Amino acid sequence: MAIMRKSHPLMKIVNHAFIDLPTPPNISGWWNFGSLLGLCLVLQILTGLFLAMHYTSDTLTAFSSVTHICRDVNYGWLIRYMHANGASLFFISLYIHIGRGIYYGSYLYTETWNIGILLLLLTMATAFVGYVLPWGQMSFWGATVITNLLSAIPYIGQDLVEWIWGGFSVDKATLTRFFAFHFILPLIITALAMVHLLFLHETGSNNPLGIPSDCGKVPFHPYYTTKDFLGVIMLLMQFLTLVLFFSDKLGDPDNYTPANPLNTPPHIKPEWYFLFAYAISRSIPNKLGGVVALLMSILVLALLPYLHTSKQRSLSFRPLSQTLFWVLVADLLLLTWIGGQPVEPPFIIIGQVASILYFLILLLLMPMAGLIENKLLKW
């Protein structure tokens, strides 16, 4: 009689994905973040579901309903802070996951990579509409400023903005539809994550050396289930430390003031995980140019497979490209800091230089470094 996990139609899918999956024997801890993103997604959907049971998407009661959740609902404060900080954890894991993909050349699995970019865009959209829901000052003004960027689109811009708003300003209609989007998008993300996995399992995982490992693959279970479980424990420890000891560290104090259309906060800024893109957008003095730069800051990732010039896949043995990669990481941290600063000297020029450097490294310097390293290999 066949083993049930190999014969049962449902168990067979799980078996091929998580048990008997042939996996490279040498993948490092940087490969843990895929499973950690899955955990973050489940955490966000569960905490979000419980929050949705008590939240009301009406401009008059939204802020009060969040206060009610924190004060009156059993462990409501915990669920709310888990959800808010879970988003930060999600993006930290997401950015490390993308960084790993760039460092080890995983972007050469084009279908998996492109679906990953789509997942990133959807996650950013989900986080943006979710940030509007508590209806605090930064929620309201963040929504106003970011949606207003669409008005820069020629001809249809203004109509598009009013269509998204459901009126002539961010109001009740906007809040209601943003709540609807925030509810449905994670379910779309879950479906796309499965497609992401499907394409990954067509090719098999990459590894730190960037070379084929078919001859030495090991089953996913027990080796990588154990390893992933260790990652889960470490992530949850950091998560609970953040939620229980530093619950408001990553939030904005302005969001504890109810939304007031008549009073603009001195510095309007999105959540920390969007600041790098916000800084790139702000560094261009033209509105349409800023919107294009904002989009390109993410979509530039889609060009990486076509800009790969090196004979080696991974950066493990490429010192020039390695240096550029870490300069890129430092540049992104710099952009994140600049995005949170007011628009005044010297922050303007720092943001502009950092933005140019970001595109320069990805579009020109890394492909050039790949060609130089190819030459060095011949010496």
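Positions of Cβ are set from backbone N, Cα and C atoms, glycine also.
Copied over from Swiss-Prot:
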- 33-53: transmembrane segment (TRANSMEM)
- 77-98: transmembrane segment (TRANSMEM)
- HIS83, HIS182: heme b b562 binding site (BINDING)
- HIS97, HIS196: heme b b566 binding site (BINDING)
- 113-133: transmembrane segment (TRANSMEM)
- 178-198: transmembrane segment (TRANSMEM)
- HIS201: ubiquinone binding site (BINDING)
- 226-246: transmembrane segment (TRANSMEM)
- 288-308: transmembrane segment (TRANSMEM)
- 320-340: transmembrane segment (TRANSMEM)
- 347-367: transmembrane segment (TRANSMEM)
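Among the binding-site residues listed here, namely HIS97, HIS196, HIS201, HIS97 has its C-alpha nearest to that of HIS83 (heme b b562 binding site). Cβ-based neighbour count (10 Å, all protein chains) for HIS196 (heme b b566 binding site) stands at 21. With the fewest other C-beta atoms within 10 Å around its C-beta, HIS201 stands out among the binding-site residues HIS97, HIS201. Ranking 77-98, 113-133, 320-340 by CB pairs under 8 A with the transmembrane segment (288-308) puts 113-133 at the top. All protein chains shown were included, and the count of other CB atoms within 10 Å of the CB of HIS182 (heme b b562 binding site) stands at 22. The stretch from 33-53, 77-98, 178-198, 226-246 with the most CB pairs below 8 A to the transmembrane segment (113-133) is 178-198. Count of Cβ pairs under 8 Å against the transmembrane segment (226-246): among 33-53, 77-98, 178-198, 320-340, 347-367, the largest is for 77-98.
Across the structure, HIS97 (heme b b566 binding site) and HIS182 (heme b b562 binding site) place their CA atoms 23 angstrom apart. Rounded to the nearest whole angstrom, the C-alpha distance between HIS196 (heme b b566 binding site) and HIS182 (heme b b562 binding site) is 21. Contact check: the transmembrane segment (320-340) against the transmembrane segment (347-367) gives at least three Cβ pairs closer than 8 Å, residues 6 or more apart, which meets the contact criterion. Distant neighbours of the transmembrane segment (178-198): 17, 37-38, 41, 44-45, 48, 52, 55, 57, 112, 115-116, 118-119, 122-123, 125-126, 129-130, 132-133, 143; these residues of the same chain sit at least 6 beyond its ends, with a Cβ under 8 Å from one of its Cβ atoms.
In this structure the C-alpha atoms belonging to HIS182 (heme b b562 binding site) and the residue listed as 'ubiquinone binding site' are separated by 29 Å. The DSSP secondary structure for the residue listed as 'ubiquinone binding site' is helix.
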